[in-house]
Structures are given as structure tokens and as C-alpha cells.
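Colleague: Please read through the structure below; I'll follow up with questions.
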Amino acid sequence: YTGAFLFNTAAFILPALYSTLVKIWIAKIDSSLVVTTDVYTYINTVAEVINEGLPRAVWVTIADTEARSLKARLGLAHSLMVFQALLGLLMSVIFVAVAQQFASAFVPRDVRAASITYIRVSAFSALSSAIEVAVSNATRALDRPDIPLLISSIKVAINIALDLLIISTFHVGNWNPDINIQAGIRLTCDMAAAISGLLYFLFTVSFRRSADAPTLQGFIVLLKPGSITFVESALRNVLYLWLVSGVLSMSADYATAWGVFSTIRWGLIMVPVQAAEATTLTFVGHAWGLLKQRPYSPRWSWARLC
């Protein structure tokens, strides 16, 4: 447990660190546009609805080592990744189409016009996050927390290197960097990291194990438990975005303060919480599969469950 927790902590803390650096670099370019960088967060908040649906079903399906063979578990992982990639692509296209309306809801009026291109570029982060979350959750359920760490490491390392070279105060060249360049860099690195993690998983695990291909049946297996988490996530994130839109409607200063607060909250509180959750759910999934294989008993006491 301790080893998996440390892997997951490292995987979650790297993106949190980069989010802080982004705000500092954008503030150097134009402090009024710091609030625009939070659009990336709000797009990913909407994407969480699909990222917390089927991907959270892995803990009672793919993590079940007793009821399914490794080959079958890998087949479920492949089905999850294909379905999530399709949903992420669809959501990205929708974000591009409604960029104006999205800006009206989540960008202060003062910088709304300058943020449209940023929104359209960042829209495809829904696709990258869908792939990343599917690969990360599936591989954690398969006891491979090194793969999510690899994804985070690639994403943050390339992001920081390119940002230092292109948009930092001591960047190379004579051009004036802008916020849209940062969005393009971030999207490129997110996609590169997600695809790298996917390919690493396929070549080091799937192809070596002759795993099952993605199937409609695999999707149906994930759908039953995933539909419950999907509804819960949809309700929770709708309430959160409603709260955010109210804060943003006050003024750009309130919006900037909220974004800074959220970044600090994520780094100090949510990183260890998310790491503990991901680690615990993996072990609970394994134990749940073992529990189902025990002889039937009408009642289970807390002592027996522990």
C-alpha cells in the first residue's frame, strides 16, 4: 500500500505544481489574463463527468482479481480506453462549437474577447484527459501505478521545458509570447503524455499477454457500475460550475482570486486525498473480488470484513 500511495502522490503532485507555474508565467505576460487559464480547469471539470463514469467502475471490475483472468481484465481496460477516447473527442468538438457561449459563462467580460481562441485550443484537453484518466485508472486497477506516474512525469517535464524556452521571461527568440501559445504548448504536452502512457501500456502489458480486444460486451460490463458514478459526478460538477459561474459574474478580481484559491487547495489538500483514494480503491477492489468468492453468508460483521 505504501509503495502504491507514494507512486500515486507523485503522479498527482506534478500537475498541481505545473498549474502553479502556469499562473506565474501568464501573470508575467498579462496579469489580467490569469483568469483565462482557469478555463482549462473548467473544461476539465465538465470532462470529469465522463472521466468519473466508466473509469470509476474499474475498482469493482478490472480490479477484481478473483472473478476474472488477467486476459479478461485487460480486455475490459481496452474497452474502457476506446470508449473514453470517443467520448472525449465528441466533447472536444462540442466545446469548440460553443466556445462563445462557454466564454460568456466562465470568463469575465473584461477579457472575454481575448479568451475565445484559448478556449478553442483548450477544448481538446477533454480528449487528452479522457485518454489519460482511462489509462491511469485501468493501470492502477491492474497494479501498475508506474504508468500514471510516467504520464504525469512526461507531461510536466515537457511542459516546463517548452514553457521556459517559449513563454518565460527569459525565453529564446525575439517574439512576444501570448496566452494562446501557452494553451497550444499545454495541449501538445497533454496529448503526448496521454498517448505515450497508452503506448507504453500496450507494448509492456497488453501485447505481451495476448490480451482481449475491446468489445461491446466489455463496455456493457463497465456500464452498470459506471452509470451510478456518472450520475453522481454529473450532479456534483453541475453544482460546482453553477457556483463558479456565480463567482465569475461578480468581477475579474473575484474570478482571479477564486482561481488562485482553487490552485492552492488542489496542491495542499486534494493531492494527498486523491492519492489516498486511488490507492485505497485499488486494494478495496481486490478485496471485494476475494470477498465475493467466499462461501455465502447471510450477514457479514464489520470484524469479518476487516
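Count begins at 1; order follows the chain as displayed.
Backbone N, Cα and C atoms are what each Cβ position is placed from, and that goes for glycine too.
The structure displayed is predicted, hence computed values, not measured ones.
Heads up, here are the entries from TrEMBL:
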- 6-26: transmembrane segment (TRANSMEM)
- 80-103: transmembrane segment (TRANSMEM)
- 115-135: transmembrane segment (TRANSMEM)
- 147-171: transmembrane segment (TRANSMEM)
- 183-203: transmembrane segment (TRANSMEM)
- 239-261: transmembrane segment (TRANSMEM)
Colleague: Would you say the transmembrane segment (115-135) and the transmembrane segment (6-26) are touching, if the rule is that at least three C-beta pairs must lie under 8 angstroms and be 6 or more residues apart?
Modeller: no
Colleague: Which residues of the chain, 6 or more past the ends of the transmembrane segment (183-203), have a CB below 8 A from one of its CBs?
Modeller: 22, 40, 81, 117-118, 121-122, 124-125, 127-129, 131-132, 135-136, 138-139, 144, 147-148, 150-152, 154-155, 158-159, 162-163, 166-167
